[in-house]
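Per TrEMBL, these features apply:
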- B:1-91: domain 'Cytochrome oxidase subunit II transmembrane region profile' (DOMAIN)
- B:92-225: domain 'Cytochrome oxidase subunit II copper A binding' (DOMAIN)
- B:27-46: transmembrane segment (TRANSMEM)
- B:67-85: transmembrane segment (TRANSMEM)
Amino acid sequence: MLDVEAQKPPNGKWWTPPFDPRFPNQNQTRNCYQNFLDYHRCVKTMSRRGKSTQPCEYYFRVYYSLCPISWVNRWNEQIRNGTFAGKI
Amino acid sequence: MAHPLQLGLQDASSPIMEELLYFHDHALMIVFLISSLVLYTISLMLTTKLMHTSTMNAQMVETMWTILPAAILTSIALPSLRILYMTDEINNPLLTIKTMGHQWYWSYEYTDYMDLNFDSYMIPTLDLKPGELRLLEVDNRTVLPMETPIRMLISSEDVLHSWAVPSLGLKTDAIPGRLNQTTLSATRPGLFYGQCSEICGSNHSFMPIVLELIPLKHFETWSALTS
């Protein structure tokens with residue numbers, strides 16, 4: 001998992017996930033989960049092709065901002081144990 | 001915050017809450033007008049010796065007391081729907097804060113560009129300093145910038161809770177496994193108090209929320225200090 005420090009924007013420039021029209025309503029659970037999946041899929045595909053994973057940072061920042069820390073830790077634990085239910 | 005013997009809603013500190021206050025005044029005025037009209041009519045009916053025992057049809061009055069309530073209901077529905085759609089407007093938040101409900105405290109996560117994560121417990125009555133509010137103060141207040149739209153994502157780690165701040169017109173359920181979004185936008189700095197609004201066990205009444213709204217510049221200083 002990449003370091004948050006590396007993505008920190010310069011002081012005075014604020015970044016937060018923009019409005020995503022795929023998830024316009026109050027329930028943002030899927031927004032968080034989808035970006036988490038997209039980040040891992042992006043990293044897997046880019047690594048397989050031998051390319052830099054820098055473009056995947058967008059998905060990382062979005063899911064890191066949106067998803068509760070406990071959810072992220074639980075999912076990462078499941079990925080490490082091979083029990084994660086999502087398709088990556 | 002609420003004050004003793006308060007009758008109405010708390011002072012509004014967000015644009016939506018201002019609209020809700022006006023709507024509440026409008027709806028309550030209609031309620032008072034109808035109630036006084038009905039009470040007056042009842043008093044008239046009960047204080048006369050005249051009788052009318054042969055009413056066969058009353059087309060005019062029947063039409064009036066169908067059309068008039070329909071018009072009144074429309075005049076209540078239209079502002080109500082206007083405000084409802086206003087709460088759903090797309091705005092571009094500057095900051096995303098997550099809050100997780102626990103039994104029996106709230107925890108806040110600021111993860112846009114720092115790894116800040118803290119718990120917010122109520123201060124027990126015995127530990128209050130003079131002048132502090134009983135059952136409302138917390139050890140770590142949620143510090144936020146004022147006059148900026150903030151995306152609040154609310155969820156729970158155990159049972160149902162509800163994150164409410166009346167003076168900002170906010171109340172959103174905290175449901176385990178679900179991430180609910182609401183937009184927070186305060187028009188002025190200050191301390192805004194709220195309480196858990198969904199029964200969640202023995203200390204449901206003892207897990208308050210305190211928002212400390214400060215100017216953006218001061219928020220930047222605070223966030224630099226805490227990260």
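Note: Cβ is positioned from N, Cα and C throughout, glycine not excepted.
Note: TrEMBL annotation is automatic and uncurated.
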Query raised in the report: What else in the chain is close to the transmembrane segment (B:67-85), if you only count residues 6 or more beyond its ends and a Cβ gap under 8 Å?
Result: 16, 19-20, 22-23, 26-27, 30, 34
Requested in this report: Could you break down the residues of the domain 'Cytochrome oxidase subunit II copper A binding' (B:92-225) into DSSP helix, strand and coil, giving a count for each?
Outcome: 19 helix, 61 strand, 54 coil
Report task. Summarise the domain 'Cytochrome oxidase subunit II transmembrane region profile' (B:1-91) by DSSP state, stating how many residues are helix, strand and coil. Result -> 61 helix, 0 strand, 30 coil
